[in-house]
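Worksheet: the structure to be examined is printed underneath.
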Amino acid sequence: MSLIELKAEDLYDKEKVDLETIVIDDVFKLLQCDENGLTSEESARRIELFGPNKLEQEEQNAFLQFLSFMWNPLSWVMEGAALVAIVLSNGDNQPPDWPDFLGIVLLLFINSTIGFYEERNAGNAVKALMDSLAPKAKVKRNGTWSEIESADLVPGDMVSFKIGDIVPADCRLTEAINVSIDQAALTGESLPQSKKVGDQCFSGSTCKQGEAEGVVISTGANTFFGRAASLVGQDDDTTGHLQKILAQIGSFCLVSIGIFVIAEILVLYAGFRYSYRRGLNNILVLLIGGIPIAMPTVLSVTLAVGAQQLAKHKAIVTRITAIEELAGVTILCSDKTGTLTTNKLTIDRATIRTYGPFSADDVMLLAAYASRTENQDAIDTSVVSALGDVSRARAGIKLLDFKPFNPVDKRTEITYLEESSGKLKRVTKGMTGIIIELCTRNKTDEVENKLEADVEEFATRGLRALAVAYEELDGDDPEAEGNGFELIGLLAIFDPPREDTKQTIDDAQALGVKVKMVTGDQLAIAKETGRRLGLGDHMYPAKVLKDGPAPGGKHMNLDEMILDADGFAGVFPEHKYEIVKRLQGLGHLCAMTGDGANDAPALSRANVGIAVEGATDAARGAADIVLTEPGLSTIVHAIRGSRIIFQRMRNYSIYACAVTIRIVVCFAILAFAFRFDFPPFMVLIIALLNDGTIMTLSVDRVLPSMTPDAWDLAEIFSYAVAYGLYLTASTVALVAIILKTSFFYDNFGVTFNGAAFPSGPNDAQLHTIVYLQVAIISQALIFITRSHGFFFMERPSVALMVAFCIAQLISSIIAAYGNWGFTEIRGISGGWIGIVWVWNIVWFAPLDWIKFGMKATVIKKMRERHDRNAAAAAQQASQAGFPITRTQSRAASIHESMYSNRVSFIRRAARKVGFGRKIAMKPEELQRFSSIQAQRTGATLARNPSRTGA
């Protein structure tokens, strides 16, 4: 099917799309169907022709996803090292360095395989959960009604929907009983629209009242929303916050390696006159050992495992790096209806007002009489439910006549026979102004004033008022006039907060997250809800976002007002977008909840967009996290979970940078001081064992922080340098004692092939000793970086402990039996292995004190300076007006984007931007659009006739 080549805003332009409305009979002819529906065979043929009834999502190629783990600057250096080993090492009459080449390639493949497997697993888990949310549709096939997935609908299908259902596809109504459709998710219209036979209903809108049947005219990308969405374009897959951090950490490691590689080239070749191959092997050691090759994989696995853990709390992560950003969120902008509240109108029994001889319970019962007990609207449901026992709404009475609510009369009315007394009675409920005019029996100034005062009080508290009146009838004629209505009561209707919401908000605030209510409801309702939840009632109407703060008020500018507010009322989707944009401009990481297609821009703009339970497909597509359970508690669970995941990533980042410093500085100093040539292959073994152990950090046991997390790279690099230099000293000191003294021979009797001293700085057994010392203490460092206090006070996960023990066992076995001539190592005695273990334990003990010393000196000064700079910047911004700039979460540079494809999860499904404006159009324009859909669908069927003649 061809697309209408128009801009989104032109799609509904009368001048461009001007076809006359097609009558419903012509629709059936065009679509080659009838009211009995399609046959199974014909529907199968049409789904091949038109495709599934859903917006297509880009499937990620599994092979390219696997290769993407090798496509980042850190991997490029390792790939360069592999080329050095196989191409440039072919010199000095020696063959290419096949062992190192194969080892590097193996290391790359192992990292890619682990990352690919974990990410694929997490992706499959997310897909399974998303599939479980697939909407259903009631469809007529082979002449009988059945329920199928909405994705299986095709043009020509007969569908049915009723109150509360989502319209499954674009359709024209063939039957309509009191139908009202909420199109707000598509067009932003605030009120539901009444529909009649022949009218069109669009996919994604909600049936608010009545029952309907219709014929499907368009599905999938050719629906009203699908076509507009395909024209507005997708958000570019820009680099996220974590990719930026990864880029900077990678740059730190690459610069560190580069400095010492250049130093080695100058010293070893120009100073020591090394041969080509000998100098190249030393450079390979720095390249292989210094690159934290596992970093992208470890972070990706940590996030993927975290996504699976969050799914247990009913939070589906569709952009995996959003987990890291959620850990740093400082402001959560939450919708009210359905998120903070139950989205079910409820009678506040404590505030019922009475005006006659009836009690509050009597008023409730009579109001329930005047309510429908089936096919109810929201108000009737709330009144009847307030009785507790729904059957009481018709118990003891015989219904004679009922007038449902309509927009003209604005009230309901029941005439009934009271079985106990045999009397005819009538009750009406509805809008207060209408009801009081009917009350001829007690319509006095006193009653009118009291009613007006009560209604105003309800309004200031955000409660809707519903008046109830009663009269008796003489005789047996239910259509006769009564003795006059009497005002008997006033009910307060409100949308109550969820039971867990107040506690959840308290929990969020305890975690340092400010919750702001952003609702389309009235200001008074928002304030009342805020008071009940402990959010505060310092709220503003949406118009302040356009007008700005009042002159002479306490706020100097709009940004200051937004930051100070507890919430906003009467907002439209464009207001949500503006609020998020300005909060980000103030330097906050902002999360936003939403449920409709028009929320998509705000969800996409926010650092973390959260589609609440029951959200439209459009909102889910734009969101980073999709909730499958109602309420706010899931979000707080997700915040806690994300902070645990953040701590794991931070711990690893310190460790990875420290190991880089430790390897490049250590082996450069050994080469400069002793002309020590460490075998490159043994660095590969160290890296391989390190990776196996470090992968278990993804399930490590850590405590979440009680404040929003933020990457302080200066702090991470400071710790890394301190740890790295200390571990370098541990190795250099060991080598110096072995080469310059007979200390170990004199005290422990250990030898080098029977001699007290090694044959030289490149003795094969000395290589083994250095390998074992570096392997053990480098891995042990993780226990220091993962803890905030003494390492033994924070118990690691079983997986980490087991992996560490296995890696050390393998290292010790290699040290004892590794007589590998190709890599210049030879097995050492048990005495030497014991000496290395004791040496490392002695050097390991002070590492905690280095951490505490850094905290008390360097880190403390850095934080104080940071706080001073932040305070000065805030003061300057306050005086000059806050700049509106995009936060780092969506800012990308060429360098950072090199990392983006590696840390990205399954690409955000169909995130759409540009849907911020409401689509304003007249009903006849909608009708024209449905006509052109039917025309195009019919043309397709005409070109592809059924072989069976359907």
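Backbone N, Cα and C define each Cβ position, glycine as well.
Feature list (source: TrEMBL):
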type     : residues : note
DOMAIN   : 18-90    : domain 'Cation-transporting P-type ATPase N-terminal'
TRANSMEM : 69-89    : transmembrane segment
TRANSMEM : 101-117  : transmembrane segment
TRANSMEM : 249-271  : transmembrane segment
TRANSMEM : 283-305  : transmembrane segment
TRANSMEM : 652-674  : transmembrane segment
TRANSMEM : 680-699  : transmembrane segment
TRANSMEM : 720-745  : transmembrane segment
TRANSMEM : 765-785  : transmembrane segment
TRANSMEM : 797-818  : transmembrane segment
TRANSMEM : 830-850  : transmembrane segment
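Stretch with the most C-beta contacts under 8 angstroms to the transmembrane segment (680-699), considering only 101-117, 249-271, 283-305, 652-674, 797-818: 283-305.
The transmembrane segment (283-305) and the transmembrane segment (69-89) are in contact, since at least 3 Cβ pairs between them lie under 8 Å (pairs 6 or more apart in sequence). Residues 722-723, 726-727, 730, 734, 744, 748-750, 765, 769, 772-773, 776-777, 780-781, 784, 787, 789-791, 812, 815-816 of the same chain sit 6 or more residues outside the transmembrane segment (830-850) yet have a Cβ under 8 Å from a Cβ within it.
Remote same-chain partners of the transmembrane segment (652-674), defined as residues 6 or more beyond its termini with a Cβ less than 8 Å from a stretch Cβ, comprise 245, 249, 252-253, 256-257, 260, 263-264, 267-268, 282, 285-286, 289-292, 294-295, 298-299, 302, 683, 690, 694, 697, 716-717, 719-721, 723-725, 727-728, 731-732, 735-736, 739, 761, 770, 774, 778, 781-782, 785-786.
In terms of DSSP secondary structure, the domain 'Cation-transporting P-type ATPase N-terminal' (18-90) contains 41 helix, 1 strand, 31 coil. Summed and averaged per residue, pLDDT over the domain 'Cation-transporting P-type ATPase N-terminal' (18-90) gives 77.
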